[in-house]
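Below you'll find the structure, written out as structure tokens, and then a few comments.
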Amino acid sequence: MIRFEDVSVTYDGAAEPTVRGVDFTVPEGELVLLVGPSGVGKSTVLGAVSGLVPHFTGGTLRGRVTVAGRDTRTHKPRELADVVGTVGQDPLSHFVTDTVEDELAYGMESLGIAPDVMRRRVEETLDLLGLAELRDRPISTLSGGQQQRVAIGSVLTPHPKVLVLDEPTSALDPAAAEEVLAVLQRLVHDLGTTVLMAEHRLERVVQYADRVALLPAPGAPLTLGTPPEVMAASPVYPPVVDLGRLAGWSPLPLTVRDARRRAGALRERLAATETPTPTATATATAAPAPSPSRPRRPRLLRKRAPVPSAALPVAAVEALAVRRGRVEALRRVDLTASPGEIIALMGRNGAGKSTLLGALVGLVPPAGGSVRVGGAVPHRTAPRDLVRRVGLVPQEPRDLLYADTVAAECVAADGDAGAEPGTCRALVSELLPGVADGTHPRDLSEGQRLALALAVVLTARPPLLLLDEPTRGLDYAAKGRLVTLLRALAADGHAIVLATHDVELAAELAHRVVILAAGEVVADGPTAEVVVASPSFAPQVTKILAPQHWLTVTQVREALA
């Protein structure tokens, strides 16, 4: 169904090909997972299937890509639309209508499908993806995860033979991700749909793949094999594989169920060790004191955040209520954040996580209750003053970046924060070594854009740092660097609140977890207590080694050392 024959792609102005000598075939009715570190060309490979590379992106494609017998060099994307359905990393770039139901129908209208067939398929897709209650909602009012489900639904309704998906579960909560992946598996098994999917969160998807295609490095040859074969040598792998490598299991397990069956001996060894007391999950009320063993922090991050008093919380939310039209987005929410504390907000899509962050940064006025950040009321505080109290890195970092170059972004950030010239650029040099001043932010990878947005926000050194889905689009290495950075910021006195669906990140990083449901706080406590008690939000290691309370492979490795 999909065939790559010695394909290389070189973008205009690039000295070397982004991908080189790619050669593989995806038969009809197979789900192939494309994996590899950030920047190795996964999105380029996906774009070559839909014809967006090179017809839309430009550059030179050498070799041959065929989809259902059609050569993508001679068939433009519109001539492949009846065969290939594509969902990219940014769902907002796909939408052309205003409401959910209209968006699901639009692709079929463009292909001239009969109205009665369109109606039936829309209803089927609404039910498949749990969108029935949202059918009349404006797309602009949906959460990021809800928008991602709509984008996936809009390419399912025309019933394409091939689905190309770039990070399809990155903005979805664990339950919604499982539902979407189950739908994809049903399409593959029952209808013979061919799926080529790139995804960084391998803990969610690797068990669904028939085969895995690995791009280990830029320009390196692609490796294709079964999931256990590829995971044994892959530079990127989920926690269940990491634990399997540590324990010496062969073949490597891909699911929690397989790992639990083999974990008896490992649990016995761990039972003889001390109960895990990870630094990330100890409740924090103040910035921890530095220790000799602490890794050296970046020079610019060793300045303490300007906290008025360590005895006072950086942020205090009491009985907060927020309304969006007739929808009550938040109801009687209480939350405090202390200096040096890292809090993970979790919950299903639409639970109110981003709304709570918006209230803390003054973007969303409360309908009831109170919000105070550093003693100020955010929505009544002038932006120039507020930026020194709280900073938000949004779900899409590009929303914060509006200049044409990295240098211009830094100049604007220095001016907005009232900081000395060069402050932001020095932060960028710490976080993004090697990025030139003249680079356009849109040419950066997802991880690089996140780092640039973080540098812009940190220029004002706000005591409270908010991040909305910070690991979206990041590979495991980039996520590890983010964890190190955020720990350093917390050690320097910053309070950090992050909204995330990444249960592995919460287990690795957060002191506290707050779970929201339908706008209300349903759980609030130390990470180990909250996630161990929740089947939906427990990390893989916790599920494998239950009833013992281990959260990460790092804890297990240290205990066995």
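Glycine is treated like the rest: Cβ placed from N, Cα and C.
Annotated features in Swiss-Prot:
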DOMAIN    2-243  domain 'ABC transporter 1'
BINDING   GLY36, PRO37, SER38, GLY39, VAL40, GLY41, LYS42, SER43  ATP 1 binding site
REGION    268-299  region 'Disordered'
COMPBIAS  272-288  compositional bias 'Low complexity'
DOMAIN    315-543  domain 'ABC transporter 2'
BINDING   GLY347, ARG348, ASN349, GLY350, ALA351, GLY352, LYS353, SER354  ATP 2 binding site
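In sequence order, HIS200, SER445, GLU446, GLY447, GLY473, LEU474, ASP475, ALA477, ALA478 are the residues of the chain that are 6 or more apart from SER38 (ATP 1 binding site) and have a CB within less than 8 Å of its CB. Counting only same-chain residues at least 6 apart in sequence, those with a Cβ under 8 Å from the Cβ of GLY352 (ATP 2 binding site) are VAL322, ALA329, LEU330, VAL333, LEU516, ALA518, GLY519. Take the CB of LYS42 (ATP 1 binding site) and look out to 10 A: across all protein chains shown you find 24 other CB atoms. Ranking the binding-site residues GLY347, ASN349, ALA351, SER354 by the distance of their Cα atoms from the Cα of LYS42 (ATP 1 binding site) places ASN349 first.
Proximity of LYS353 (ATP 2 binding site) to non-local residues of its own chain (separation of 6 or more, Cβ distance below 8 Å) is seen for LEU345, MET346, GLY347, ASP468, ALA499, LEU516, given in sequence order.
Under 8 Å, Cβ to Cβ, and six or more positions away along its own chain, GLY36 (ATP 1 binding site) finds LYS42, LEU214, LEU215, PRO216, ALA217, PRO235, VAL236, ASP475.
Taking each of the binding-site residues PRO37, GLY39, GLY347 in turn and counting other Cβ atoms within 10 Å of its Cβ gives the largest count for GLY347. The Cβ centroid of GLY347, ARG348, ASN349, GLY350, ALA351, GLY352, LYS353, SER354 marks the ATP 2 site; residues of that chain outside this set whose Cβ lies within 8 Å of it are SER143, GLY145, ASP173, THR355, ALA499, LEU516, given in sequence order.
Counting only same-chain residues six or more apart in sequence, the Cβ atoms lying under 8 angstroms from the Cβ of SER43 (ATP 1 binding site) belong to GLY88, GLN89, ASP166, ALA198. The Cβ centroid of GLY36, PRO37, SER38, GLY39, VAL40, GLY41, LYS42, SER43 marks the ATP 1 site; residues of that chain outside this set whose Cβ lies within 8 Å of it are LEU215, PRO218, ASP475, given in sequence order. Within the same chain, the residues at least 6 positions away from ARG348 (ATP 2 binding site) whose Cβ sits under 8 Å from its Cβ are GLY145, ASP173, ALA175, ALA176, ALA517, listed in sequence order.
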